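J.: Mind looking over this structure? Questions follow.
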Amino acid sequence: MLPEATPEDDGTTAPPPARDKRPPDRVVLRADLRAALPDAGAAVLVTAAVFAFLYARMESGDSATVAVMPFMDDAGTYWMYLFSQAFGWSGLLWAWGTVMLGLLLSGPRPARLPVSRHTLERWHRTTSLTTMALMSAHALMFAAELVRHEAQLAWADRLWAGFADTFVPGWYDSGTGRIAIPLGQGALYLAIPLGLLFYARHRMGANTWRRLHRFVIVVYVLSVWHTLLYGTNVWYGEWPRTVLWLLQLPVALLLLLRLLRPARRAERLHMPTRRGGASLPGWVVRSTGRVVAAAVVVGVVIVVVSGHDGGRERPAEQPATSPHEHEPE
Ligand code: HEM
């Protein structure tokens, strides 16, 4: 979720003054954390708005979450669950934004940008930090709801149950969550090191960092997959699910463009030659990446146009289950 190349990597920024003995990585992270405050403030407002929307839907009887889990028909009791959902949505929206910025920076340079490249890079870094915080808040609120729910257990067992079901891969053993929760955990556990590695890039070298940073797209794919599989507000084949699919189209298109016309010359697809050209395995990997990205674009268009988006039919009545048992019908 961080830029492919920064002014520092290009060597276009003056090195820190020789007498400044502070480690440069820490300075950058601290400065970025400060710069992320307005962005984080906006994310809090968006989360609050989503929470209010989900709360109102629960009160009005329109909530898809209640349709999936009827016992949840009490927004006052399940407010932490609603907050977890709201943080999930703001986290996904910020992940979308930061991935789009990253692809804009690493793909073909647009002829004209509304803001400078330097500003885009800063936005990419700050939205990336905010995304990590929102994803963590989503998981923490879910854990808090589980702790609240397990009132019959002793405190130590309650805390452990909430922690293990939320954070220990493979622990959560019910319904769709057996797959969906590890997908979310995978996204969270990859996002944090991959995002923060940026601040240690001087130690590992820009090339190693850049190679690792590419895997951030996996974080995004896991996040979307987790949501499509487990989000009760996109459980049924209704407009929220269609919007979620539609939002993936610009990401897939930018990814394809970024692979076809990367900003960095070294990443362009050259035919393998005997005389020092690209190696055959490298060429195969790069070509496959481009074909997969093109297939994703076509796939998303087919899903949106055909309406076959994996959404279920909203049933007239649904049997009650416990809060973390999302059973597909
Ligand atoms: C430890 C990792 C995670 C856990 C335990 C977790 C847990 C959950 C659970 C239980 C739900 C179902 C809520 C519902 O009833 O709708 C859910 C939905 C969701 N999750 Fe996660 N998640 C994790 C990671 C992530 C990540 C990394 C993202 C990316 C931003 C994410 C985004 C979402 C979204 C957008 C929803 C849909 C909420 C809704 O339908 O209103 N989750 N998650």
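Residue numbers in this text run from 1 along the chain shown.
Glycine is treated like the rest: Cβ placed from N, Cα and C.
Remember, TrEMBL labels are computer predictions, not curated facts.
Reproduced below are the annotations present in TrEMBL:
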COMPBIAS  1-11  compositional bias 'Acidic residues'
DOMAIN    95-223  domain 'Ferric oxidoreductase'
REGION    1-24  region 'Disordered'
REGION    310-329  region 'Disordered'
TRANSMEM  40-58  transmembrane segment
TRANSMEM  78-105  transmembrane segment
TRANSMEM  179-200  transmembrane segment
TRANSMEM  212-231  transmembrane segment
TRANSMEM  243-260  transmembrane segment
TRANSMEM  280-305  transmembrane segment
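A description of the local structural setting of each listed feature is requested, covering burial, neighbours and distances.
T.: On the 0 to 100 pLDDT scale, the model's mean across the domain 'Ferric oxidoreductase' (95-223) is 95.
Counting same-chain residues at least six beyond the ends of the transmembrane segment (78-105), those with a Cβ under 8 angstroms from any Cβ of the stretch are 1-5, 43, 46-48, 50-51, 54-55, 58, 65, 72, 117, 120-121, 123-124, 127-128, 130-131, 134-135, 137-139, 141-142, 144-145, 148, 191, 216-217, 219-220, 223-224, 227, 231-233, 247, 250-251, 254-255, 257-258, 263, 323.
When Cβ-Cβ distances below 8 Å are used as the criterion, the transmembrane segment (179-200) is approached by residues 1-2, 25-26, 28-29, 32, 95, 125, 128-129, 131-132, 135-136, 139, 165-167, 169-170, 172, 209, 212-213, 215-216, 218-220, 222-223, 225-226, 229-230, 326 of the same chain, each at least six residues removed from its ends.
Outside the transmembrane segment (212-231), and at least 6 residues removed from its termini, the chain residues within Cβ reach (under 8 Å) are 1-2, 4, 85, 88, 91-92, 95-96, 99, 102, 135, 176-177, 179-181, 183-184, 186-187, 190-191, 194-195, 197-198, 241, 244, 248, 251, 255, 310, 326.
Long-range Cβ contacts of the transmembrane segment (280-305) within its own chain (Cβ-Cβ under 8 Å, at least 6 residues beyond either end) map to 242, 245-246, 248-249, 252-253, 255-256, 259-260, 267, 269-272.
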